[in-house]
Amino acid sequence: IMSEKAPLLHYRLIGTKDPDNAASPTGVTVESDARRAKGKNPRKLGVVFGVIIPTLLSMFSVVVFLRIGFVVGQAGLYQSIAMFLVAYFIITMTVLSVCAISTNGALDAGGAYYMISRALGPEFGGSIGIMFFFANVCGSALYILGLVEAIISAFGIPEGRVQEGHGGGSERVCVSVLVGAHIYAKATFIIFIVVMTALASIFISFFIVEPKVVMLPDTSVNITSPVTTNYTGLRLHTMERNLWPDYTVDYTTGTMMNFATVFAVMFNGCTGIMAGSNMSGDLKNPSYSIPRGTLAAVLITFITYNLLSLLAAWSCDRRLLQKDYSFLGDINIWQPLVTMGIYSSTMSAAMSNLIGASRILYALAKDNLFGGVLALARKTSLSGNPWASVLISWLLVQVVLFSGKLNTIAGIVTIFFLLVYAAVDLACLALEWASAPNFRPSFRCFTWHTCVLGILGCLVMMFLISAIYAFASIAFMLLLLMLIHYLCPTSDWGYISQALIFHQVRKYLLMLDVRKDHVKFWRPQVLLMVANPRSCTGLITFINDMKKSGLYVLGHVQLGLLDGLPFDPLQSHYDSWLSLVDHLNIKAFVNLTLADSVRHGVQNLLFITGFGGMRPNTLVLGFYDSCTPQDHLQGKILQCKGHGMDGVSPTKDPQEQHPPFFPNLRGVEDTKDLQEEEYVSVIADTVKMGKNVALARYFSHFHRDEILGSGQRVGGHYGRSGPFVDVWPLNLLRPDSRGYVDTCSLFLLQLACVLHESRAWSQTRLRLFLCVEAGWSLQEEEAKLQVMLKELRISAHVQTVAWDQVVALHWQRRGEREAGNREQAAQDEEEKAKEHEYEQEDESIQRFPNNAAQLTDEYICAVNSLIRKHGAPPPAVRFLYLPRPPADTSRYQAYLHQLDLLTQDLGPTLLIHGVTPVVTTDL
């Protein structure tokens, strides 16, 4: 925080770029005050001229001269003091929040808008900024109406020329503001002297003016009512008659008054507390000036209003207070002095609000929250005065002036200001609750309790004044919030929502106890390994559908070591991956790692990804084959960044080169980053770590929109009920297996059911294939399977498949080989012993039998043909049983070769191996 005596040469951090040098609408610019002093917008104002005087003149306007008698006459002294206490309680809570935010960093032009937008983000900041802009516009019109009312009262201008008076007053205000804020601030010192002199004369008059009869203005339609009343001087019996409320018809509008309507008029005398913060762009040191100046002005006005209320109730007849709003001039020692004070204060308050409105509009235009709609408002003079914003604000003031009566728009202005004050308190509350280390304001006289009290006070009074206007203003603000959220570019101001989410997520993650996990609440938490996202967008979107509100992480391993590197090369890649997540519209995290091999990188990700109970339980890998990858991102544009998906991101400067957004796909002759043995080792490592594993093949041919779109077909046709999802729960690479109810088969069924239950796949049908041999009772086996599906609440069509010939082919070839090669049979027995020993190491893995026999290519091709034969119409995706890798690493290539033959030309296929129980029949 820079003091007013800080050296001239220091640097200021601005939340938005200079409009003349803005490549991005929400960039950050650092510039020296030495340059600004020579530039177009030098800061010149201090505490007194920049904050105290504008705030006092904004608050000492209509209420102090024209409505103090109205408030006391209608509400009585007791309720008047209660109103002031409620109003100043609300604004004091808001002032504390303003002081806290303004002393937490450098402020720029825009006042409350700048505070809220930089604290809550562009959505809240922009919507509240527009509301505050309209509040200042209406406030300026309100003070001009007060000025015209005073002129009419003093000179008796006919009703037909009232609108002409409105226009003349507003034009003078506009011309004054166009001169420049610093000229206005200096001129306000003279206005301040006049207003203070008028106030001093009013206080003196209460004590020295003798009792007299006062002529009331001719406003009553009742000809029998008296036209005179009494000023009694300081008399106790006069105060006794003015203690209690006596609500009657307002003679300027003809409407019946009540507590809420009187409070709405009175509160306009408290809305000037933001006059100093609105001038933040013109202050030498906003963080120093705004707290001191605003608190001083609030204290002075509070004392003044209550003293005036007391003296008015002590000395004036009730009819004088109710029927003559300009009575202070009638009882003054020199009436022209009060008239001068009214003119000066109302003109000054109108200019203050017009300056505030123009500065807010200019800040909104600079931040480019509404695109080109506010482009004109960015225009400034050579001295930095936003003349275009002033003219736009003045035109809107002219529109508001057509309402014609001060008390008519007082309620609307009050609701707008209350909503803005509530937003300021909300911004401070959010910063306090987020516990951000960088929120450490030098002003410490606030807590979250003061923020909550301020918010509640503002909301309660808004609805008491007018529930309709309150609902309408909140709805309008929410509409603006949604528009900005969807239309404005991403900013670098920081989002308080992110800090609050972090705070809450950390708390709930600590409460997520892994010791309380239960199979009833199991859900897939997937780590999908992606070598290059260009070739696997189909798989990425498919897994997003299958995650069932679980954790979804995109993992990537970059080969290399930090040794010898100046920095981590992966940090610059995260933006690209997160932009991909936005582009594909998926809900996923991104985790990148640097390792000397893919296997070690996957191990690292499996060990460190997630927190507490949110850790991946399933690893998904692309299939290892010789297919040439296809680029599905060629020529596509990112939605949120505007960069191309091609190899080099386009830039505005042709000489500025960026690293590849995503590297180009490998060619046919390029070598892979891992070999077959390492790929199978990754699968084996995953099983050893107690994780489920899935291998995805042919998902480059998976087009989600075509499969799930209305009226689309897969292959030939899929019927009226949507595409099929085929499930083969038997270990097809172990012909001697007969059971369907092992952990792996149930896991495979569970994943297929999860996919089917997702909203996008709800029109698909599960098709479960039951492989049977001769000697089995088809009806009995199918009935058993149907009972199991019913207990598991899984809806699927069961289709029996006779595979006697396929199994017989296996045993026939196996017999020939054993008869011809006894040595190979001995090797098989040795392999079986190794497998048995391997299974005994972990009891949980023992339930997943592996095929130790030597399967022939002919048998596996026959199984592949069987799957394709019973896949009519072609399904959207197939789920197959994945056997565990062999214990002997020398057989890894044969294992991978078997998987390749098994899934040849099957279309999108998932080979799944589950190691954890995931289904239950218990309630």
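Glycine is no exception: its Cβ is also placed from the backbone N, Cα and C atoms.
Given the ranges 45-69, 470-494, the record in TrEMBL names 45-69 as transmembrane segment.
In the domain 'SLC12A transporter C-terminal' (539-625), helix, strand and coil residues by DSSP number 33 helix, 22 strand, 32 coil. Long-range Cβ contacts of the transmembrane segment (256-275) within its own chain (Cβ-Cβ under 8 Å, at least 6 residues beyond either end) map to 51, 54-64, 67, 70-71, 74-75, 79-80, 83-84, 86-88, 90-91, 94-95, 98, 111-112, 132, 135, 139, 142, 245, 247-250, 294, 297-298, 301, 305, 349, 352-353, 356, 406-407, 410-411, 413-415, 417-418, 420, 461, 464-466. Packing against the transmembrane segment (187-209) from elsewhere in the chain are residues 49, 53-54, 56-57, 60, 64-65, 176, 231, 233-234, 304, 307-308, 311, 314-315, 328, 331-334, 337-338, 340-342, 344-345, 347-348: each is 6 or more residues past its ends and has a CB under 8 Å from a CB in it. Counting only same-chain residues 6+ beyond the ends of the transmembrane segment (81-107), those with a CB under 8 A from a CB of the stretch are 1-2, 12-14, 71, 75, 114-115, 118-119, 259, 262-263, 266-267, 270, 273-274, 277, 280-281, 283, 286-287, 290-291, 294-295, 298, 302, 305-306, 309, 418, 421, 424-425, 427-429, 431, 438-446, 450-451, 453-454, 457-458, 461. Take the transmembrane segment (45-69) and the stretches 128-152, 295-316, 384-402, 446-464: counting Cβ pairs under 8 Å, 295-316 has the most. Contact count against the transmembrane segment (128-152) (Cβ pairs under 8 Å) is highest for 384-402, out of 295-316, 384-402, 446-464. Restricting the average to the domain 'Amino acid permease/ SLC12A' (50-527) gives a pLDDT of 83.
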